[in-house]
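For reference, Swiss-Prot has these:
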BINDING   T10, G11, S12, I13, N38, N122, E124, G202  NADPH binding site
BINDING   K123, S149, E150, S173, H196, S209, N214, K215, E218  1-deoxy-D-xylulose 5-phosphate binding site
BINDING   D148, E150, E218  Mn(2+) binding site
Amino acid sequence: MKKISVLGSTGSIGKKTVDLLLKRKEEYQVEALSTCSNFALLACQAKLLNARYVAISNKRFYKDLKESLLGTGIKVEVGTEGLMNVASLPVDLSVVAVVGIAGLEPVMHVIESGTKVIALANKESIVCGGKLLLKKTEEKNVQIVPIDSEHNAIFQVLQNGNKCVEKIILTASGGSFLNYSLEQLRNVTVGQALSHPTWNMGKKISVDSATMMNKALEIIEAHNLFNISPNRIEAIVHPESIIHGIVIYKDGFNFAVLAEADMAIPISYALSWPERSALSYKLDLTKQKLTFQEPDHKRFPALKLSMEVLNSSSPHTNSIVLNAANEVAVDKFLKSRIDFLEIIKVVKLTVENFDSYTDINSLSDIINIDLESRAIAKEIIKNKVLAYS
């Protein structure tokens, strides 16, 4: 049996992972599960999967979790330290589905633990960790298998390396507002942004999809993860979300990965890698249409911004700044403190106003840049978006 941990087991990716593990209980021994604050669901998952450890980051719910697991023998860890403790458990496979930059430190602990495969759903770890994180995976001989459907697709095609690759293409659904005019985008609501046409996702990533910042972050992730220059990475809009990634080779051949739009498929691949496990999903192309279009950079400027970041003199630092500012702006949008179109404006202004450039040699360097960027973004929102102060 494979020993496995699932960090962020109560989020959208985590729940899908748990569903798959429940169907494959004879294949996996669940060592640890974690959540930020959803103690009730975590306790239920831990009992169903006979987990050895659980961790809850929010100390406020420690007592509730402890009481929910009385008599089970399941060990409870709490706070940031508790999360790092379970991240440090040596397992065969660790699924990291913690949302945002909060996932970076646990990933670093997983790498140091002796775990050999990380099924990674946290793109921010690659975006912000950059070469520092990837160098550490090489030193420790750790394989990252991406769960993001686009990077999972590219990963599958590039199993023999990226030699002779001309370009990689990441597909984007276009999000909730693909066909909205610029004028319509000025008045969209939080509820509308969370109603994704093809994917069932969490709040933050649904908003990122609507602004196309999700794809902007994925471009940076692809650059770092696959060691491919920015000018060889392209994003196109594919509303049906059937083709997840395309690799174009120098001889003119194009390799595309097709699958239904359900995260259970790339999660299953990551769980089973380097093998494959049977799933009931059967794609019938006779009942599908495949359409493509260029992204509209005027309505969705995030893609252009990510390329500017990658082509800047300090791409690693600016990637951290971009991610931090976006997390702040999305949070304010979800709280109705700023409008939809102001999300990317805040991000762009934060990148433009950040000037504390230093070498990035440690996790603390990344965290310091992240914190300073958040402070700048919050100040921009306070001063520029006066209607919401």
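Just so you know, glycine gets a Cβ as well, placed from its N, Cα and C.
Residues K123, P146, S149, H151, N152, L170, N214, K215, E221, A222, G245 surround the recorded Mn(2+) site, their Cβ atoms falling within 8 Å of the Cβ centroid of D148, E150, E218, which are themselves excluded. Reported as a whole number, the C-alpha separation between G11 (NADPH binding site) and K123 (1-deoxy-D-xylulose 5-phosphate binding site) equals 15 Å.
Among the listed binding-site residues, namely G11, G202, the Cβ with the most fellow Cβ atoms inside 10 Å is that of G11. In terms of C-alpha distance, the listed binding-site residues I13, D148, G202 place D148 closest to K123 (1-deoxy-D-xylulose 5-phosphate binding site). Between the C-alpha atoms of E218 (1-deoxy-D-xylulose 5-phosphate binding site) and N38 (NADPH binding site), the distance comes to 28 Å. Here the candidates are the binding-site residues D148, E150, N214. The one whose C-alpha lies nearest to that of T10 (NADPH binding site) is D148. If you take the C-beta of D148 (Mn(2+) binding site) and look for same-chain residues 6 or more apart in sequence within under 8 angstroms, you find A121, K123, E218, E221, P266.
Reported as a whole number, the C-alpha separation between I13 (NADPH binding site) and N214 (1-deoxy-D-xylulose 5-phosphate binding site) equals 15 Å. In this structure, E124 is the one among the binding-site residues E124, E150, E218 with the smallest number of other Cβ atoms inside 10 Å of its Cβ. N122 (NADPH binding site) sits 12 Å from N214 (1-deoxy-D-xylulose 5-phosphate binding site), taking the CA atoms of both as reference points.
Long-range Cβ proximity for N214 (1-deoxy-D-xylulose 5-phosphate binding site), meaning a same-chain Cβ under 8 A and a gap of 6 or more residues, is found for A172, G175, I205, D208. Between the listed binding-site residues, namely T10, N122, the fewest other CB atoms within 10 angstroms of a CB are found at T10.
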